[in-house]
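The feature signal peptide is assigned by Swiss-Prot to 1-20. Taken from Swiss-Prot, the feature site 'Not N-palmitoylated' applies to CYS21, supported by experimental evidence. Under the heading S-diacylglycerol cysteine, Swiss-Prot lists CYS21, citing experimental evidence as support. According to Swiss-Prot, the heme 1 binding site annotation covers MET94, CYS107, CYS110, HIS111, on the basis of experimental evidence. Summarising the annotation, Swiss-Prot assigns heme 2 binding site to MET130, CYS152, CYS155, HIS156. Under the heading heme 4 binding site, Swiss-Prot lists HIS144, CYS325, CYS328, HIS329. Swiss-Prot lists MET253, CYS264, CYS267, HIS268 with the feature heme 3 binding site, giving experimental evidence as the kind of evidence.
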Amino acid sequence: MKQLIVNSVATVALASLVAGCFEPPPATTTQTGFRGLSMGEVLHPATVKAKKERDAQYPPALAAVKAEGPPVSQVYKNVKVLGNLTEAEFLRTMTAITEWVSPQEGCTYCHDENNLASEAKYPYVVARRMLEMTRAINTNWTQHVAQTGVTCYTCHRGTPLPPYVRYLEPTLPLNNRETPTHVERVETRSGYVVRLAKYTAYSALNYDPFTMFLANDKRQVRVVPQTALPLVGVSRGKERRPLSDAYATFALMMSISDSLGTNCTFCHNAQTFESWGKKSTPQRAIAWWGIRMVRDLNMNYLAPLNASLPASRLGRQGEAPQADCRTCHQGVTKPLFGASRLKDYPELGPIKAAAK
């Protein structure tokens with residue numbers, strides 16, 4: 001009887017585990033390549049519906065204003081990023097940013113109500129850099145964001161800290177049961193520890209490929225060899241790349257797939273994953289640019305913020321929050337299902353000539 005109870009508990013636990021890792025049927029498949037080659041995008045209608053309802057909560061665009069009057073930098077003090085706008089454009093943009101980032105906290109989340117030009121609050125300094133980053137994305141990374149662009153809401157979704165940011169994780173020994181920040185579950189298998197993280201789709205792979213590939217631009221993601229033996233095309237200098245590099249690459253791929261809410265063949269050819277050109281889908285080239293965009297954001301905009309952020313906003317190694325694909329995409333192939341919010345706020349796009 002005791003053994004029966006133990007077996008029943010184990011069965012229920014296993015069922016709960018499996019149910020938590022997979023989406024329930026039905027699933028739909030849209031053919032994306034030649035028939036019979038397993039080229040298709042797999043989606044779950046219930047999940048897609050829930051995400052569409054979530055993304056439909058975007059605050060409506062504020063009424064447009066006339067671009068008349070002197071530059072706002074001549075009206076207010078310490079306006080260093082949006083100083084080329086008119087006062088009306090500036091106030092409209094500031095109001096929108098408040099709705100996107102701190103709707104509960106209001107303007108005083110960033111500003112001192114007695115001195116709006118004061119930099120005493122750290123969000124003021126951070127917000128300035130994030131505005132520069134947003135403009136840089138919309139100006140320099142159109143290979144990835146096209147003309148759709150991004151706004152503060154793309155990542156923040158109504159919260160001061162975007163819901164999907166991550167922190168760098170220390171490399172832990174295989175027998176160390178410490179749980180890193182974004183690891184949801186730790187299990188012991190055959191004498192070593194398996195860390196299962198939502199960010200890598202609960203795969204038993206490298207739980208932090210982001211530090212290796214997205215926090216710097218020194219590491220090559222490509223790991224599949226061009227020949228069987230000897231391994232050609234994936235060497236690191238004169239050394240062959242270790243198996244751990246393959247684990248990290250596939251963990252990153254699992255993360256990208258999960259972040260976009262799609263499967264591998266959205267970008268890759270089912271027959272030959274490593275091939276480019278006509279054998280890959282157009283989305284793969286867009287993803288290639290996206291990886292390099294995220295590296296730029298992490299290295300040049302986010303990582304340097306560690307000097308401006310309080311300890312409560314820093315990771316265990318004293319680092320600022322980092323971005324990955326999920327930060328913007330949040331489970332869909334195009335953030336906000338491709339709806340362009342930049343068209344309503346062109347002030348966040350490429351810098352235009354100052355008002356006269």
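Even glycines carry a Cβ here, placed using N, Cα and C.
Remember, it's a predicted structure, so these values are computed and weren't measured experimentally.
Comparing CA positions across the binding-site residues CYS107, MET130, HIS156, CYS328, HIS329, the one lying closest to CYS267 (heme 3 binding site) turns out to be HIS329. The distance from the Cα of MET253 (heme 3 binding site) to the Cα of CYS152 (heme 2 binding site) comes to 26 Å. The maximum pairwise C-alpha distance among MET130, CYS152, CYS155, HIS156, the residues recorded as binding heme 2, is 11 Å. DSSP assigns CYS328 (heme 4 binding site) to a helix.
Residue pair MET130 (heme 2 binding site) / CYS110 (heme 1 binding site) shows a Cα separation of 13 Å. The shortest Cα-Cα distance between MET94 (heme 1 binding site) and any of the binding-site residues HIS156, CYS264, HIS268, CYS325 is the one to HIS156. CYS328 (heme 4 binding site) is surrounded by 24 other CB atoms, counting those within 10 A of its CB over all protein chains shown. Take the Cα of CYS264 (heme 3 binding site) and measure to each of the binding-site residues CYS110, HIS111, CYS328: the nearest one is CYS328. For the heme 4 site, the Cβ centre of HIS144, CYS325, CYS328, HIS329 serves as reference, and the other residues of the chain with Cβ at most 8 Å from it are SER259, LEU260, GLY290, MET293, VAL294, ARG326, THR327, PRO335. The heme 1 site, placed at the center of the C-beta atoms of MET94, CYS107, CYS110, HIS111, has further neighbours from the same chain whose C-beta lies within 8 angstroms: ILE97, THR98, GLY106, THR108, TYR109, LEU116, TYR124. Apart from the site residues MET253, CYS264, CYS267, HIS268, the chain places the Cβ of ILE256, SER257, ASN263, THR265, PHE266, PHE273, ARG284 no farther than 8 Å from the centroid of the site's Cβ atoms, the recorded heme 3 location. In sequence order, TRP100, VAL101, THR134, THR151, TYR153, THR154, PRO162 are the same-chain residues whose CB sits within 8 A of the CB centroid of MET130, CYS152, CYS155, HIS156, the residues recorded for heme 2 being left out. Applying an 8 A CB threshold to same-chain residues 6+ apart, the list for CYS107 (heme 1 binding site) reads MET94, THR98, GLU113.
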